[in-house]
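Feature annotation from TrEMBL assigns domain 'Reelin' to 113-279. Taken from TrEMBL, the feature domain 'DOMON' applies to 311-426. Annotated domain 'Cytochrome b561' per TrEMBL: 432-632, in sequence order. The transmembrane segment feature in TrEMBL is assigned to 471-490, 511-531, 537-559, 571-596, 608-625, 646-667.
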Amino acid sequence: MCGALSDSSGAKAQSAISLEVLFLFCVGASTGSGGTEHAESELVESKERRVAEVVERSSTVAVTTQITAAPHAVSGERSRCSQGEEAELFWAREYIQTRTSERPQHMRAYIILFACVRIVECYKNGLISSACGSMAPNHGSSAQTSAAPYSVTVDKTSYSAGDAVTVTLSAKSGTFLGFLLEARLIGGSTPFGSFSSAGTGAQLLPCSGQPSAAVSHSSPTPKSQIQSIWKAPTSGNLNNIQFSATFVQAYSSFWVGVKSAQVTYSTGNGTTAMVNIHPSIQSNGISSAGCGITKTCVSQPSNCDPFTNSNCYFMSAMPLSDGSGFNFEIFGPSNGYVAIAFSDDQQMGNDDIYICGKNSQGNIQLQHAFSTGTTTPTTIRMGNVTNFNASFTNGVISCSFTSRNSISTTRSSASTNSYYIFLANGPVDQNGVIQIHPNTPIISSAKIDLYSPQVLGGEQYPAIVKAHGCLMLISWMTTGSVGMLIARYLKKTTRGTRCCGKDFWFVAHMLLMLLSVAATIIAFILVFSYAQDWAGGAHPVLGCMVMILSLVQPTAAMFRCSPQHERRFIFNWAHAINALAIKALAVAAIFTGLILVDPSQDGWLPKVMGGFVAWEALFFLFLDIHQKWTEKDVDGDDYGQIRPEVLIMLAFFLGNVAFLVTLLVGIGNV
């Protein structure tokens, strides 16, 4: 019966009934079907009427014809009552309890009336500070688990200290009677900041000792939209926030924790943080101490310590104690910039990037950026980045900073903390705009969970890129070179020796050159399937020219005329010139490729390649001189003896293999 007492919003017809009438009805109903008892003494009757009057004065109670709805949209704390009202209510409860013990047969009636007295106990709609922590109404039922028919929206995606954010509560369908709105730090459990305006039909509410920390309804009238203004603190632990709301549709139908989109904290309106430095400032103390214990580290060479090795490329990420972000460190030799990126794969594109580099005045700045491919990344708002320190010493850039930004690889927050880490460096132009990095970035060999400290060496080049380089090196510095030497210098030496109906030199030359072309095609496909774009620079241009001419060479040979044809010399000259062009272009392509991948400061790999080319040139020259010297004496030579050309070719091959193995090992270690 008393459950019917409410401020109903859904009933169209309401009947205001005095609690005195209800009380008499309850007393009559409690005697059973046999009729009412004889009247009590005038004193008892007077007291019971007084109880009804106290209850009736304390609150206007409406009884709907449908016996539905709740007395308040969100249960709340008591409003202030006068001392006289408090005393009367206390007396009424005491009297009911006494009469219950004296008259057990009236137990049912007194229990009902006692509940009624508690319902009207001086509560005012919306004053619900006691619910600020859980944000759950004390309605004796659980919150709805279905999708809420309400939304919480904001007019900003980021904020700075002291900013105002407009928050709108809206009903997607229908209305809501009551609500509670708070701003909270991501992962926080208490209100953050304060509201400066509640909006129509709403009121500011103190929470956790903070004035105006929340907004709630001021009456149980139906609402379809509420618009409030939240103001950010001007100091303190500012961080990313979300607005959270509770919506009450009816007494037993409500939704708790309906959230807005994240609002990112920004240190300002710019995209950079800056430290004014002078090149003589010393390093800021970045080292490998704590790697694998308190922080995740990626370095190249593996396990290098930037504190003692200025040629070390290094980054670290240490989780903050509250789990809200990371302390990052970046270190590397560069006269332009060093940068770290977080990616879902080992290819550039859709990466969250922090760039530490020089601006147009030569000062070190930190930029937050996002890449959409292999073009220049787009700078974005710095967000919640603090504690930025930097140094530039002897051509080495080092930066450290704290970021509470969510790492994003699709421009929306991801649910994982595991990423491939890129570490790149390169030049900047006169305006401080970063340019394409001349070397492929150092890439972690596996995805890294930043909350699980570990140590990984940087894999500057994936295996597919290394395979490309190795195949090109083998094709044009070994198989191709040997094939050319055989065709040029061993024709007469192998005279009379045949294989498959052809001269042996021709079969060996053809097989070696076809092998070189096949390896070139495979290498070409591998690198383009990895890059899926034009990388820029001289190396890809040279590589494409080698690929084209390599296909022309065997194609033209298929349509050559016979050796006795009067114009055969045209093919011979064209074939030789094209082969020389392929060799020169291939050597140039290999040189530029080794320069790109060589991590050493002294250019060790290109120097070895220089020795390799010099070794080949020396033997080509020696064999050419030997051929001219012995050309007139070939007919008189003893073919039972090993020819000098064969010994020279053997020495050339052994030296060639030594250089080849050295370069292959070097490529494998980059």
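Any Cβ shown, glycine's included, is placed from N, Cα and C.
TrEMBL does not curate its annotations; it predicts them automatically.
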For the transmembrane segment (471-490), what are the same-chain contacts with Cβ under 8 Å, counting residues 6+ beyond its ends?
505-506, 508-509, 512-513, 515-517, 519-520, 522-523, 526, 543, 546, 579, 582-583, 586-587, 589-590, 593, 612, 616, 619-620, 623-624, 627, 645-646, 649, 652-653, 656-657, 659-660, 663-664, 667
Mean pLDDT for the domain 'Cytochrome b561' (432-632), rounded to an integer?
85
Kindly report the helix/strand/coil residue split of the domain 'DOMON' (311-426) according to DSSP, in that order.
0 helix, 69 strand, 47 coil
